[in-house]
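Here is the structure we will look at.
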Amino acid sequence: MKNIRNFCIIAHIDHGKSTLADRLLQQTKTISDRELQEQTLDDMDLERERGITIKSHAIQMEHEYKGEKYILNLIDTPGHVDFSYEVSRSIAACEGALLIVDAAQSIQAQTISNLYLALEHDLEIIPVLNKIDLPSANPEEVTDEIVNLLGCKPEDVLRVSGKTGVGVAELLEEIIERIPSPTGDPEAPLQALIFDSVFNPFRGIEAYFKVVNGSIKKGQKVKFMATNKTYDADEIGTLKLKQFPKTTIQCGDVGYIISGIKEAKEVKVGDTITSTEKPALNPIEGFEEVKPMVYAGIYPVDTEEYELLRSALEKLQLNDASLVFEPESSAALGFGFRCGFLGMLHMEIIQERLDREFKMTVITTVPNVSYNAYLNKNPDKAVPVHNPSELPEPTMLDRVEEPYIKASIITKSDFIGSVMTLCIEKRGELTNQSYLTTDRVELFFEMPLAEVVFDFYDRLKTISKGYASFDYAPHGMKASKLVKVDILINGEPVDALSALIHQDNAYTIGKKMCEKLKELIPRQQFDIPIQAAIGAKIIARETIKALRKDVTAKCYGGDISRKRKLLEKQKEGKKRMRQIGRVEVPQSAFLAVLKIND
Ligand SMILES: Nc1nc2c(ncn2[C@@H]2O[C@H](COP(=O)(O)OP(=O)(O)OP(=O)(O)O)[C@@H](O)[C@H]2O)c(=O)[nH]1
């Protein structure tokens, strides 16, 4: 056990975690140069295409140092704020963390928040200055900033380049020198913490764990403590680029288990595996339950695929413990699920993964945050509202509370003015500001979450020319003057388009919604009125003019197979369309509210 090191790599997005991980794999000869590609560990196509890490990835390396062999378990983590839950789980399996800072960009918002996550778990932090090969790198100044943040010595900050490989060999030595080996009692009853899992269509569920106490052996009977179910450990092993089956995984090490579990529900990330023969008395303290920040409905395009969608979501949940969902039904869309996400990028990724990994085409409805409604008859009891259409009638309402966040924005002092203007427009209040250096400042705001989830981040990047980073944490609920704006298409209210909007903005947003929908809904054979309403009062209206086009008209008197082909083609084109009354509404229209400022 004394020769095991478990560590993760944490950083702000794009500071070079995955690239540095590649270099470590190469240096330790865990993978051959032939196997190496950019972002080797990011094995999802989606990750490679977007160049971002979505999932944490665990991999085992071996390294010889001063004549001894060491096992290094590395976990690469995502940098985007929407996936910080992945980071917090990975941290629980580690004793140390490499805190990567881009030498040109310096400390950014998620550098700080991920550092705090690591410190909360008492991890040994190794600060690493990356990208020192860049001409724009500013190693001296950034080292000073790191020293200020961590209270370490300047010589503790390592300098590397994930691109050229400079400093990587020294980094490996420092990992062994500075990160403590895992603690735990090899003789105690088995306790292994599950920190991730994945569904494999051929082999069932694979769970990834860290052995905290005792050891696990192939073939042994094990119990998952949360569900109290027992299984045979059919296969256990360690994770290299592929899985390496083993007969024992010792205390402190990280590995996987395959035990023929088919039901996604039976494995919970954060659960403890123990042995049935000599069971542990208590599970290891798991992870905090995630609290979704944004909710949206997900509906199958084809109503008959409801059950398939459920099973796809269950399998995704295995691999993404931050996804939550429950069944809901909508008058407009039929049966589907109300899903909770950590942010808009997370929502987008889930929709893409459903499409790619499960071939499910789905309609996503307007995202919203979760509100607390208080009724007149019982003004002390909060009724959670995850869906605007569930908001009780205004006459029955005492008040509505919405979630607030504490936001931290790091930017150059030149942009303070425009950042402030944006935040105030978004109903934010400046609570504090502090200078990191003479021209970099950290601003703290309290803001309604609802204002942040939509286009805030994009606008922040635009106004600061990319020189602003943003991080947030929940900050309780506050009463707000919110009204429900409904949308009627062709006279029919479409519940999936309702939104809760601050009273002062309701008219403008209602109007913009109608205009945007007019743009997004294709013209059809008849006039379609689009209206926005608060209660019974119509506040805006647009009309989509009729179009007289019959796709089969061209083959008048023509051959039937051609006509069929055209109709087939038209059907294809209907993907991600939903029939609302007589009107066909495309997916983009359900997200119109997000685009009203485009
Ligand atoms: N010049 C230079 N570029 C680098 C270096 N390390 C990484 N990069 C580049 O920086 C970009 C981001 O690198 P990634 O490794 O994908 O960053 P990441 O931190 O893993 O990103 P997320 O996982 O999405 O947070 C890529 O374009 C890399 O090629 C380096 O040492 N020098």
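From the backbone N, Cα and C atoms, a Cβ is placed for every residue, glycine too.
According to TrEMBL, the features are:
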type	residues	note
DOMAIN	2-183	domain 'Tr-type G'
BINDING	ASP14, HIS15, GLY16, LYS17, SER18, THR19, ASN130, LYS131, ILE132, ASP133	GTP binding site
Same chain, |i - j| six or more, Cβ under 8 Å of GLY16 (GTP binding site); the result in sequence order is ILE100, ASP102, ASN130, LYS131, GLY162
Cβ density check for ILE132 (GTP binding site), other Cβ within 10 Å (all protein chains) comes to 21
Densest Cβ environment (other Cβ within 10 Å) across the binding-site residues SER18, ASN130 belongs to ASN130
Residues near ASP14 (GTP binding site) by Cβ (under 8 Å) yet at least 6 apart in sequence within the same chain, in sequence order, are GLY51, ILE52, GLY79, ASP102
In whole Å, the longest Cα-Cα distance within the recorded GTP binders ASP14, HIS15, GLY16, LYS17, SER18, THR19, ASN130, LYS131, ILE132, ASP133 is 17
The predicted model's mean pLDDT over the domain 'Tr-type G' (2-183) is 87
